[in-house]
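First, the structure itself, so that you have it in front of you.
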Amino acid sequence: MPKMNVESFNLDHTIVVAPFVRLAGKMEGANGDVIHKYDIRFKQPNKEHMDMPGLHSLEHLMAENIRNHSDKVVDISPMGCQTGFYVSFINHDDYEDVLNIIEATIKDVLNATEVPACNEVQCGWAASHSLEGAKEIAQTFLDKKAEWHDIYGEAQ
């Protein structure tokens with residue numbers, strides 16, 4: 001296959017083993033700032049996916065809470081394939097710390113009593129949320145924390 005412009009289109013989705021967290025890209029700005037983009041893969045590509053209400057609530061919860069653990073977060077957003085998220089950090093390339101930040105954020109999800117910004121004023125599809133769905137996704141991901149380093153299932 002020809003090399004594509006989008007990094008994830010060059011990833012062989014048939015050989016990765018979810019869950020995992022991998023560095024998906026690095027970009028340096030004109031002034032020396034560096035953005036590191038991580039692929040947080042919750043579900044096995046082409047085998048399973050997150051249901052939209054749970055994914056949507058997980059997005060709100062992670063977007064709000066991850067910033068309590070790092071001031072280096074640029075963005076966190078869901079993948080259209082519904083198997084994971086991308087999180088980008090500026091001037092922060094410590095993979096182990098990124099894992100710690102993700103873990104703390106997932107624990108925040110599990111302790112949440114409501115979904116932030118779950119209303120028509122602050123959300124574009126406020127009817128599509130599930131706190132319980134988000135917690136189920138988060139718990140399954142956290143239960144497999146030992147696998148987050150292992151992108152290709154080599155340790156199994």
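Quick reminder: no glycine exception, Cβ is built from N, Cα and C everywhere.
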According to Swiss-Prot, HIS56, HIS60 bind Fe cation; which one of CYS81, CYS123 is annotated to that same site?
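As annotated by Swiss-Prot, HIS56, HIS60 share the Fe cation site with CYS123, chosen from CYS81, CYS123.
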By a 10 A CB contact count over all chains shown, which of the binding-site residues listed here is most packed: HIS56, HIS60?
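Of the binding-site residues HIS56, HIS60, the most buried by Cβ count within 10 Å is HIS56.
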When you average the Cβ positions of HIS56, HIS60, CYS123 for the Fe cation site, which other residues in that chain have a Cβ within 8 Å of that mean position?
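Neighbours within 8 Å of the Cβ centroid, excluding HIS56, HIS60, CYS123: SER57, GLU59, VAL115, ALA117, CYS118, TRP125, ALA126, SER128, HIS129.
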